[in-house]
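Asker: Take a look at this one; I'll ask things after.
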Amino acid sequence: MIRLMVGLGNPGPEYEATRHNAGFWWVDAVARQLKASLHAERAYHGLVARVNTPVGPVWLLEPQTYMNVSGKSVAALARFFKIAPEEILVAHDELDLPPGEMKLKQGGGHAGHNGLRDIHAQLGSTDYWRLRLGIGHPGVKAEVANYVLGKPMREHREAIDACIVRSLTAVDALLSGDMSKATLRLHTSKPPRPKPPRPVAVAGTGVPAAADAPRAPDIAGSAPATTQGDPP
């Protein structure tokens with residue numbers, strides 16, 4: 001069974017609506033469905049909720065450490081409650097899936113996602129489950145950092161939100177450990193693909209600009225919010 005459900009993102013209102021926070025959006029939706037309230041827990045470096053379910057207690061977690069040190073939070077809670085990697089599900093934004101699609105998988109590499117990279121390192125294992133929430137790709141590798149820290153266009157946000165709503169039908173299966181049933185529910189229904197964002201021409205050049213959002217400001221004294229596609 002899944003005993004710990006984690007959503008990845010960056011803390012703070014400036015990041016709340018950005019693509020990189022799709023994991024937070026998912027945990028928020030699960031918390032509403034399970035009638036749970038997240039609260040700050042310094043010992044686990046995140047927002048936490050404990051939910052009593054028919055199959056036992058389940059923890060919800062949103063690390064507040066910034067993306068690239070998410071593993072600090074996940075490992076702290078998992079070790080204290082003796083939760084094995086295969087009992088952990090991490091929901092995160094996925095560049096390689098279009099908005100509105102999702103995939104469930106266990107194990108594998110981090111594919112450049114620094115949140116997953118740190119969880120790998122802190123847990124010492126890659127055996128945890130991942131719920132990959134599609135956000136689409138900007139089409140240019142150099143623009144990935146700007147893209148994930150930008151807000152999705154309305155049509156894309158609606159597709160991601162609808163995907164999250166559909167995923168809630170699999171929560172019971174995830175909690176009971178019926179991963180085949182959960183996978184079937186998560187993978188069978190695919191929505192129409194939203195249109196890609198329209199390139200905006202750079203003034204006076206006729207060349208489309210790849211980025212759709214400004215860079216997030218640096219935050220003094222905090223870990224940088226590094227992202228998928230950043231160099232190690």
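Glycine residues also receive a Cβ, built from the backbone N, Cα and C atoms like all the rest.
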Asker: Region 'Disordered' per Swiss-Prot: which of the ranges 139-185, 186-232 is that?
Answerer: 186-232
Asker: For Asn68 (tRNA binding site) and Asp93 (site 'Stabilizes the basic form of H active site to accept a proton'), what Cα-Cα distance in Å is obtained after rounding to a whole number?
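Answerer: Per the Cα atoms, Asn68 (tRNA binding site) and Asp93 (site 'Stabilizes the basic form of H active site to accept a proton') stand 14 Å apart.
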Asker: Among Asn10, His20, Asp93, these being the recorded positions, pick the one whose CA is nearest to that of Tyr66 (tRNA binding site).
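Answerer: Closest recorded candidate to Tyr66 (tRNA binding site) by Cα: Asn10.
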Asker: Can you tell me how far the Cα of His20 (active site, proton acceptor) sits from the Cα of Asn10 (site 'Discriminates between blocked and unblocked aminoacyl-tRNA'), in Å?
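Answerer: With the alpha carbons as reference points, the distance is 7 Å.
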Asker: Would you kindly give the Cα-Cα distance separating Asp93 (site 'Stabilizes the basic form of H active site to accept a proton') and Asn10 (site 'Discriminates between blocked and unblocked aminoacyl-tRNA'), rounded to the nearest Å?
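Answerer: Cα to Cα, Asn10 (site 'Discriminates between blocked and unblocked aminoacyl-tRNA') and Asp93 (site 'Stabilizes the basic form of H active site to accept a proton') are separated by 12 Å.
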